[in-house]
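As C-alpha cells, the structure follows; a few thoughts come after it.
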C-alpha cells in the first residue's frame, strides 16, 4: 500500500505539472519553466537531507561521513552484477526489464504521437495527461489495496501486466482518438505493476538487503530509460513514421494533413512500437508466472554462502563466522 501511495504521488504531479508548465511557458517563456523545475529539484534534495529519516540498519551504515569509498561501491552498475546470484531476483529483474522497456519508450514519444498521428490538439493532450493521472491515483491507492488483499501480490503483478499488454495492443491498433482515451483508462490500471513488484521485494528480502535488491530494480529501470526511447525511435524510423515538433500555425493540429496522416490512412498498424511493446510485456508475464508467491525464509543457499562468505561490507559490524544470506530466501525455483 505504501509503494502504491508513493507511485500515486507521481501520478498526481502528472495531473497538475503539464498544465502549469504549459501556462508558464506560454506567458513567461520556457526558460522560466526550466529554472523553476531546477529550483524545485534542489528544494527536494534539501527536504530529503533535513526531513527524511535514514532507513538503513545501523550495522550497514558507514562509520562516518568521511569513511573511504571504494571504486566498487561507486560503480553504478555494481548492483546489476548481483542480479544472477539469486533466482528470484533474476526473475523479478527480467520481469521489470521486459515490462518497463516499452513503458520508457512510450513515455518518450507517446504524447507527440497523439498530436501528430492521432491529431490531438495541445489542449486534448493536456486533458489526456490529467485524466490518466487521476485514474492512476485511484488505481495505485484504492484498487491496488483491494487487489493485494483479495488476490495476493503475485496475481496483482500478473493482472497489471495483463492490463499493460491490452493497453499497448490498443495503442498499436487504435486509429481513432476515442480509442486512445479508452486505452488510457486501461493504462491507468497497468500502473499497479511496479508498486506490486516493489511490495513483493520488500516483503521477501531481509531488512539488510532491501537497498541492494531495490537498487537492482531501480538500475534495471534506469537502463530501460536509456534503451526504451532509442528502441521506439528506431522502430518508428523503420516504419517511416517521423515524430517531430510541428510549427504552430493558424490552423489547429486537429486538422493536420501532414504525411503522417497519409501514413495513418495507408497503414494497417498505426503504432508499430506499441505492438512490439505488447510482445515484450507478454514475455514479462510469462517470466512472472515463475516468481513464487511466498518464500520460505528458513531456507538458506549454501552456494550463496560459498560465493559471498569471503566478502563483507566494509562498514558493517559482522560477526567473524557470519556469512551473508541470499538476497531473497528461496531455492525452490
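Even glycines carry a Cβ here, placed using N, Cα and C.
Summarising the annotation, TrEMBL assigns domain 'Major facilitator superfamily (MFS) profile' to 1-296. For 31-52, 88-105, 125-148, 155-173, 179-201, 222-239, 274-291, the entry in TrEMBL reads transmembrane segment. The region 'Disordered' annotation in TrEMBL covers 308-333.
Note: the stretches the transmembrane segment (274-291) and the transmembrane segment (31-52) are not in contact (fewer than 3 CB pairs below 8 A, sequence gap of 6 or more).
Using a cut-off of 8 Å between Cβ atoms, the transmembrane segment (155-173) and the transmembrane segment (88-105) share at least three residue pairs, counting only pairs 6 or more apart in sequence. Using the rule of three or more Cβ pairs under 8 Å, pairs at least 6 apart in sequence, the transmembrane segment (125-148) is not in contact with the transmembrane segment (88-105). For the domain 'Major facilitator superfamily (MFS) profile' (1-296), the mean pLDDT of the prediction comes to 80.
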